[in-house]
Structure formats: structure tokens, C-alpha cells
Amino acid sequence: LTCVTKDTIFGITTQNCPAGQNLCFIRRHYINHRYTEITRGCTATCPKPTNVRETIHCCNTDKCNE
């Protein structure tokens, strides 16, 4: 499985997931109406949001977290 780790104006950076990590995730943490912190990568289980300003989406196909 190949997941996106960074998505910038210069293009995307990907990572081949290690054995046992068969999901990609994208985590959006809303700081304010102008700024959102985004984290992407591989995971074994889909993480749960830690607060109401955070959303997490998991998927299992190549680059699905772009």
C-alpha cells in the first residue's frame, strides 16, 4: 500500500507502508477558519479524533488520502 505523507504546491510525497499497516489516513485539525493542520500517513488501525476540532478519514487503496 502506498500512502501520501505530504501534499504541497510542489507535488505529493508518498510512503510505502510497512507490513501490518494496511490503511492510509488523513487527519485534519481545525485551528481556526484560516488554518487547518493536516497529517497524512500509514496506520494499522484508524485513529479516533481526540477533540471536536479534528476529523480523521481512513482508506485502503493507493494514495487514497491525497
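Cβ atoms here come from the backbone N, Cα and C positions, even for glycine.
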Have a look at Swiss-Prot and say which candidate in CYS42, CYS46 forms the disulphide with CYS17. CYS42
Between CYS46, CYS64, work out which one Swiss-Prot annotates as bonded to CYS58 by a disulfide. CYS46
Whole-number Å distance separating the Cα atoms of CYS3 (disulfide bond) and CYS17 (disulfide bond) is 7
If you skip the near sequence neighbours and keep only those at least six away, which residues in the chain come within under 8 angstroms of CYS24 (disulfide bond), Cβ to Cβ? LEU1, CYS3, VAL4, CYS17, ARG40, GLY41, CYS42, THR43, CYS58, CYS59, ASN60, THR61, LYS63, CYS64, ASN65
